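A.B. asks: Attaching a single structure in structure tokens format; questions to follow.
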Amino acid sequence: MTDLSDIRREYTQGGLRRADLPKNPMQLFELWMTQARDAQLSDPTAMCVATVDEHGQPFQRIVLLKRFDDSGFVFFTNLGSRKALQIAANNKVSLHFPWHPIERQVSILGEAQPLSTAEVLKYFMTRPKESQIAAWVSQQSSKLSARQVLEGKFFEMKAKFAKGDVPLPSFWGGYLVKPSSIEFWQGGEHRLHDRFLYTREAQAWQIDRLAP
């Protein structure tokens, strides 16, 4: 077994105090996202999306956040993917943003609701044409005999859609994750990290400090 117990660092970039917390967690998330972008983090919108299968086995993957507001967090995916099939059976998910360079994490629990076709199409039309074509090519999570199979299909579809717009695939969609709780974690000195949990209660949010 490889021993990694000596890998550690101190957290020095500041704390998080209750007096600084807004009543609405989405305001704090917006501030932290802005600061993550300003810090030029690699892929600040990358989040881990966790789902479970029918046996209770959890699965995680990195997905890009595409939009957020007071209603929740939006991402897009192939509707034949493992994540989409698992969401169809159990729409309870968790999201996690690991902003290690600025010593912050955000963890979200909620329910994923499918977006309307109009909402999906609006976003799909903003994607680069090659990305639109790629959505047609990949049967996400299916087994491939070789990468060349995928590349061959890509160039085939690229030729097919050389002229005009690329239509929205019927098997491509998106989700709005409506949060029931949002936890903000800020690294602290001596491992005395600051953790605050927002829990939705009716029309307001309960705020609790958690032990690190």
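We count from 1, first residue shown onward.
Each residue, glycine too, has its Cβ placed from N, Cα and C.
Relevant sequence annotations retrieved from Swiss-Prot are reproduced here:
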| type | residues | note |
| --- | --- | --- |
| BINDING | Arg8, Arg9, Glu10, Tyr11, Lys66, Tyr123, Arg127, Ser131, Arg191, Leu192, His193 | substrate binding site |
| BINDING | 61-66, 76-77, 82-83, Gln105, 140-141, Trp185, Arg195 | FMN binding site |
A.B. asks: How big is the gap, in Å, between the Cα of Arg191 (substrate binding site) and that of Gln105 (FMN binding site), rounded to a whole number?
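C.D. replies: One finds 14 Å between the Cα atoms of these residues.
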A.B. asks: Calculate the distance in Å between the alpha carbons (Cα) of His193 (substrate binding site) and Arg82 (FMN binding site), and round it to a whole number.
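C.D. replies: The Cα atom of His193 (substrate binding site) is 35 Å away from the Cα atom of Arg82 (FMN binding site).
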A.B. asks: Would you mind reading off the Cα separation of Glu10 (substrate binding site) from Gln105 (FMN binding site), to the nearest angstrom?
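C.D. replies: Each residue's Cα considered, Glu10 (substrate binding site) and Gln105 (FMN binding site) end up 16 Å apart.
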A.B. asks: Here's one to test understanding: among the binding-site residues Arg61, Leu65, Phe76, whose C-alpha is closest in space to the C-alpha of Arg8 (substrate binding site)?
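C.D. replies: Considering only the listed binding-site residues, the nearest one is Arg61.
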A.B. asks: Lys66 (substrate binding site) to Gln105 (FMN binding site): how many Å between their Cα atoms?
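C.D. replies: Each residue's Cα considered, Lys66 (substrate binding site) and Gln105 (FMN binding site) end up 18 Å apart.
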A.B. asks: In the structure shown, which of the binding-site residues Arg8, Arg61, Lys66, Arg127, Arg191 has the fewest Cβ neighbours within 10 Å?
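C.D. replies: Candidates: the binding-site residues Arg8, Arg61, Lys66, Arg127, Arg191. Fewest Cβ atoms within 10 Å: Arg8.
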A.B. asks: Can you give me the Cα-Cα distance between Val63 (FMN binding site) and Arg127 (substrate binding site) in Å, rounded to a whole number?
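C.D. replies: One finds 15 Å between the Cα atoms of these residues.
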A.B. asks: Sequence gap of 6 or more, Cβ distance under 8 Å: name the residues on the same chain that satisfy this around Gln105 (FMN binding site), in order along the sequence.
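C.D. replies: Gln105 (FMN binding site) has long-range Cβ partners His96, Phe97, Pro98, Trp99, Glu183, Phe184, Trp185.
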A.B. asks: Taking only C-alpha atoms and a 10 A limit, tell me which of Arg61, Leu65, Phe76, Arg82, Arg195 are near Arg127 (substrate binding site). These are the binding-site residues.
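C.D. replies: Close binding-site residues: none.
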A.B. asks: Looking only at DSSP and grouping its letters into three states, which state does Arg127 (substrate binding site) belong to?
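C.D. replies: Going by the DSSP assignment, Arg127 (substrate binding site) belongs to neither helix nor strand, so it counts as coil.
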A.B. asks: Across the record's substrate-binding residues Arg8, Arg9, Glu10, Tyr11, Lys66, Tyr123, Arg127, Ser131, Arg191, Leu192, His193, the largest CA-CA distance in angstrom?
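C.D. replies: Overall maximum Cα spacing for these binding residues reaches 43 Å.
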A.B. asks: With H, G and I counted as helix, E and B as strand and the rest as coil, say where DSSP puts Arg82 (FMN binding site).
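C.D. replies: Assignment for Arg82 (FMN binding site) reads helix.
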